[in-house]
Each structure stands twice: as structure tokens, then as C-alpha cells.
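Peer 1: Shown below is the structure under consideration.
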There are 2 protein chains.
Amino acid sequence: MDEFSFINSIKQNSYKQPSLVKGIGDDAAVFRSEKDIVTAVDTFVEGIHFSRETMSPFQTGYRALAANISDLAAMGAMPAFYLVSVVIPKTWTLKEVEEIFSGMKELARYDHMDLIGGDTVSGSELSISITVIGLVEKGMARFRHTAQPGDHVFVTGTLGDARAGLHILTDKTSSYINSSYFVKRHQMPSPRSTFAVSLAGIDRITLNDVSDGIGNEANEIAESSDVTITLYDENIPVSDDFQQFPPSFQQEWKYFGGEDFELLGTVAEENWDALARIANDTGTQLTKIGFVSEAEKEPSVYVIIDNRKTRLDKNGYTHLK
Amino acid sequence: MDEFSFINSIKQNSYKQPSLVKGIGDDAAVFRSEKDIVTAVDTFVEGIHFSRETMSPFQTGYRALAANISDLAAMGAMPAFYLVSVVIPKTWTLKEVEEIFSGMKELARYDHMDLIGGDTVSGSELSISITVIGLVEKGMARFRHTAQPGDHVFVTGTLGDARAGLHILTDKTSSYINSSYFVKRHQMPSPRSTFAVSLAGIDRITLNDVSDGIGNEANEIAESSDVTITLYDENIPVSDDFQQFPPSFQQEWKYFGGEDFELLGTVAEENWDALARIANDTGTQLTKIGFVSEAEKEPSVYVIIDNRKTRLDKNGYTHLK
């Protein structure tokens, strides 16, 4: 594959977003929106964030865009556009890089996103930098600083699966039940955009996406909102076959495994039923896992395990033992 | 410098853009605009796009953002926001990376831009990926496909200076007149935002920024607009001390040196006076360098040197000989 075919292969022939005035093909892209615009960037480096041993180029692209879309979901925003910069080393063929773009395109098609810009440059290691742009009704972006005492804490889906999938991929010595499920959760995660966007009728909802594990995400919400969050360990949702892994792994993964790209949030008691209805309508597993209370000395996160309350710190599961 | 001080050093305490709803500090940034939104991304890799031997970390950051702002200028857009992803190898200290951000901040301050997102990850080589977002009045973005037969072709500033500056930095054997001028054009270029934004009163104007040299930029306009562009070699503006370089270098650099971040454009005869007035009001050197005519067999660019018309191809100056 030469460079010309490569550029043709990543170029879109038509655009899905009506707000797009000009996509790829000029010095910059142009779009127009009556809505609020939400944007974030994330970079993925080979050997740090992904490895050829555990992911195909297609999956690498898919997952990289999924991680970015998940940030938009955490803001309540509908995905709309993405721009991609790739640093390509000699060890990657253009064909393989094209597969990375195909992986992104696959997810973008599902989410009606348009690729509106990018850059491909040479370098010594593969890195993929994705900027996503989403749209949300004016004033309806969801922030992490809006949690209030009395709120329920909820999470979508099940936790720890992506980390379990990575474990299965790297542990060649054992065999596991339902391994394809866990592996898929790692390689091709599904961000919760539909659910997030469907929450528009609820005035106040606090959202974070579970990229670093709920231990970290809950602490971010607690700090930003200046509240205390208490979780019930027995309520943390895990998938049916999660108990096949060693208990210490389960504890670590469900709190700190990360990259499940589920949504952790808080909502007022009066809006719980509406939330549950939206979850049901969008086919989203929703679990109440705790509550918000006033911060005492400082914002903190606790988890109740076997009637014992333990502090849940960022970046570590040792406190759980 | 530890990571905490680093993040504090790049974080803005206040924001300049009134349209910003939320900057750094959540899963994504949020802004709102009645105008059209213009966005582009560019990535710079150490050893490919810049080198520590010819640029300080501060200058590297400054120049990287300048290159992106230049893309916005080429769309007629006012710079507003930027997001930065940096891959940091062990050979760079956080202090040095902080200087890269300081360089960007210096230019951003001048252009009232806010840093609204980013990512810093580790890797084996330094690369900086910048996404810029600009704003332009609805329907007033400038494209490269709008040139029409009869248009004048113009360029801002002088050409070849940045390439001459790089030459001075790498050629340790000679000394040059006015070297600091040329070196500055390479290390800390000034994109033509003020001029570009001031053109709002002119209905149709075609713009490309001179990132790859006017040889390439003129061909891009000719192809996109399906026209022929003819340039007069004697009219190509160069700075006073440019003739100190060997004539063959001068020819190469003014057509293909690139990275001057000037604007190449076309405008209808009837709007020339208005354009000249805006150039004068914004202190912008403006030179008429050619004209647009119907494409014959295919869109092409010619240059007239000593009454001889020669084809000016993309990516090469050999045809000029």
C-alpha cells in the first residue's frame, strides 16, 4: 500500500454529521453547532498503552477511539467528530496503520462520527493521538463537581472485566471460562454514549467514566464535589464468571482495573426512578452501589466490606485488605 | 520538578475566552459559540520536525503552536483554544517539558487562547500533538477551492526566511548578515492571524498558509479550485538580506523552503484595494505575485523567470533551473 492509497483509505467519501461544513481537505475542518461543544484528547503509545501481543491493529484503533468517546459520554455529550495524529515507525506498515484507522472507523460508523482531520508523521515508536468533539444541549454538560449529599451513587455495566481480559491475554498458562467475553471487554470496549445522552431529561447528574477504575473515579468526584462517597462492596457489579479469578485479583480489578469505560455517577433520590427507566430503555445495566454524604474533614471515599468501613484511596487496593 | 508542580505549571488560573464553559479539570472541556468552529491537529516529533540543536524547548513549543495557529489563519479563523498531547521520553526532564508549554503559553497569551485539554504520556521519543480550535463568523471560513480566473495572487511577508534561518543554525562554517532575524523566523514564526481575521469584509478570498512553501501551496489552490496559477519570479518577496545566500538556495527556499507561515491567497480584482487597505491597517506586508486563469488540460502552477514560463511542480525546485 502506497501513501496515496493510504490517504484514500482513511478519507471518508461522505459525512454523517449535518453540522459539518468542511471535513478533511483544507488547512482545517469547519463545523457549526447550536449546541455546546465538548472536546478532549488522549494519546496511546505502543508498549505503554497497548501491545501487538494482546491487540490487533484494528482493535488498537477501535479501543483508542472508544476511550475517547467514553470521555464524551462522561460529559453527557453525543460523539460527533474526531481528529487523529499518528506517529508511524518503520516497524509498522501502512497497511497495518490503515487497519488502525479501520478499527476507529468501525466504531465511528456506529456512533455517526466523522473523521475531520489528522496528521501522519514518521517517528521511532507508534503513537496515536485522538481528539474527539461531541455535542451536548446548551448547559447540559455533566461535570464531576455536582454531586450532593443524599445522592445515590451508581455505575453502569460490570467492573473489572477489561482488566480480566488483559490477564487472560497475557497469562498463557491457564485456561478460563468465557474468556472471549473478557477479552472483548479489553480489546473492543463499548462506551456508554447512548445511555449518557439519554439522560438529558434529568437536571443534575454527576458523571465520570471508568477509565482508571472506580477507586480513582469516585475519589475524583468526591474531591471535585467536596463530598464523601461510601460504596458497598457487595453491590459492586461484576460479571457472572468473574469469581473464577483469585479473590485478591477480583478486589483489585473491580476497584482499580480500569478501562471498563463504564460510567460512575451520582443522582438525587427523586431522580432515581427516571434514571432506572432510562437504563432499562437503553438496555443498560444500572446498579446502585453507594451514597453521597457531607465531607467531614476532607472529601473521601469509603467502601463497606463485611460491615467494616475502609478508606478507598486513589491508585491502590492495599487498603482493601 | 515533580508531576504535581508540572501540572500546576501548565494549568491556567483563569480563562481568556468568554465562550469557554469548562476548561481543564473534567473528562473533557466545554465551550459554546455562535460562530463556525474551525479545528486542526498537527504533530511534531523530535529529530523529524525539530531538534534540540537548533531550538530550545521554549522555542519548540512556541513554533509548534504557531504552525497550528497558522492553519487557523489560513481559514480566516480567530484562534481560541488548544489541546496538547505530549509523549515524554526519559531523556527529557519535566522542567524541559514545562518550558515547551511555556513557549506555547507565550504565544497563546498574545492570541488570547486558552489551553483546554491535554495528555502527557511516557514513550521513547518526544512528540507534541496540538489540536487548535478557532472561531470564524458563520459561512466566512476561507477555503482553497474558491480561486477564480481573473483573481490576483498575493502573499504576505517575505518567503524563504525560515529556511534560511535553519541553514544559519546548522551551517557552523560561515557567518551571515542579520542572522538573528532569519533565525527568529525559523524558531519563533508569527502566524498571520490578525490579517486573516481582518479580511472578514471581503466576500471571497482564497487562503493557504505557507507551511510547505508556495510551490506546494499554489499547487494545492490550483488543484482545489481547478485553475491555473501563474507567478512572477521577480515579484516573489524576499527580505533585504536574502541575496547573501547562494542563488540556487534562494530559489529553492523561496518556493519550497516552507514554514514561513505567511499566507498565500487569491482575491478578485475589485477587492484588491480593500485587501491592500487591510494589509496597511494591520501592518502586513502584502505583495501581488501573480494571477489566476482558467485551467487548460489540468490545474497547474507556472512561474515566469526572465520572460520564460516554467511549470512549478509540487515538492521540487529542479524545474526552475
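Keep in mind that glycine also has a Cβ here, set from the backbone N, Cα and C atoms.
Straight out of TrEMBL:
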{"type": "DOMAIN", "residues": "A:25-136", "note": "domain 'PurM-like N-terminal'"}
{"type": "BINDING", "residues": "A:Asp27, A:Asp71", "note": "Mg(2+) 4 binding site"}
{"type": "BINDING", "residues": "A:Asp27, A:Asp71, A:Asp209", "note": "Mg(2+) 3 binding site"}
{"type": "BINDING", "residues": "A:Asp42, A:Asp71", "note": "Mg(2+) 2 binding site"}
{"type": "BINDING", "residues": "A:Asp42, A:Asp119", "note": "Mg(2+) 1 binding site"}
{"type": "BINDING", "residues": "A:His49, A:Glu259, A:Tyr317", "note": "substrate binding site"}
{"type": "BINDING", "residues": "A:Gly118, A:Asp119, A:Arg144, A:Ser211", "note": "ATP binding site"}
{"type": "DOMAIN", "residues": "A:148-297", "note": "domain 'PurM-like C-terminal'"}
{"type": "BINDING", "residues": "A:Asp212", "note": "Mg(2+) 5 binding site"}
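Structural setting of the listed features?
Peer 2: The DSSP secondary structure for A:Asp27 (Mg(2+) 4 binding site) is coil.
There are 27 other CB atoms within 10 A of the CB of A:Asp71 (Mg(2+) 4 binding site), with all protein chains counted. DSSP assigns A:Asp71 (Mg(2+) 4 binding site) to a helix in the three-state reduction.
Long-range Cβ contacts of A:Asp119 (Mg(2+) 1 binding site) within its own chain (separation 6+, distance under 8 Å): A:Val84, A:Ser85, A:Val86.
Under a cutoff of 8 A between CB atoms, and with a sequence separation of 6+ in the same chain, the neighbours of A:Glu259 (substrate binding site) are A:Ala67, A:Ala162, A:Arg163, A:His186, A:Pro189, A:Val210, A:Ser211.
Just so you know, the Cβ of A:Gly118 (ATP binding site) picks up 22 other Cβ atoms within 10 Å once every protein chain is counted. A:Gly118 (ATP binding site) falls within a strand when secondary structure is assigned with DSSP.
Across the domain 'PurM-like C-terminal' (A:148-297), mean pLDDT in this model comes to 96.
Taking the Cβ of A:Asp212 (Mg(2+) 5 binding site) as centre and 10 Å as the limit, one finds 17 other Cβ atoms among all the protein chains shown.
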Peer 1: Sort the binding-site residues A:Asp27, A:Asp42, A:Gly118 by C-alpha distance from A:Asp209 (Mg(2+) 3 binding site) and give me just the closest.
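Peer 2: That would be A:Asp42, nearest by Cα distance.
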Peer 1: At the Cα level, what's the spacing in Å between A:Arg144 (ATP binding site) and A:Asp71 (Mg(2+) 4 binding site), rounded?
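Peer 2: Each residue's Cα considered, A:Arg144 (ATP binding site) and A:Asp71 (Mg(2+) 4 binding site) end up 12 Å apart.
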Peer 1: I need the least crowded one of these binding-site residues (A:His49, A:Arg144), counting other C-beta atoms within 10 angstroms of each C-beta.
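Peer 2: Each of the binding-site residues A:His49, A:Arg144 was scored by Cβ atoms within 10 Å; lowest is A:His49.
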Peer 1: In whole Å, how far does the CA atom of A:Asp71 (Mg(2+) 4 binding site) lie from that of A:Asp42 (Mg(2+) 2 binding site)?
Peer 2: 9
Peer 1: Spatially, which candidate from the binding-site residues A:Asp42, A:Gly118, A:Asp212 is nearest to A:Asp27 (Mg(2+) 4 binding site), comparing Cα atoms?
Peer 2: A:Gly118
Peer 1: How many other Cβ atoms sit within 10 Å of the Cβ of A:Asp27 (Mg(2+) 4 binding site)?
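Peer 2: Total other Cβ atoms inside 10 Å, all chains included: 27.
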Peer 1: Out of these binding-site residues, A:Asp42, A:Asp209, which one has the fewest other C-beta atoms within 10 Å of its own C-beta?
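Peer 2: Checked A:Asp42, A:Asp209; of these binding-site residues, fewest Cβ neighbours within 10 Å: A:Asp42.
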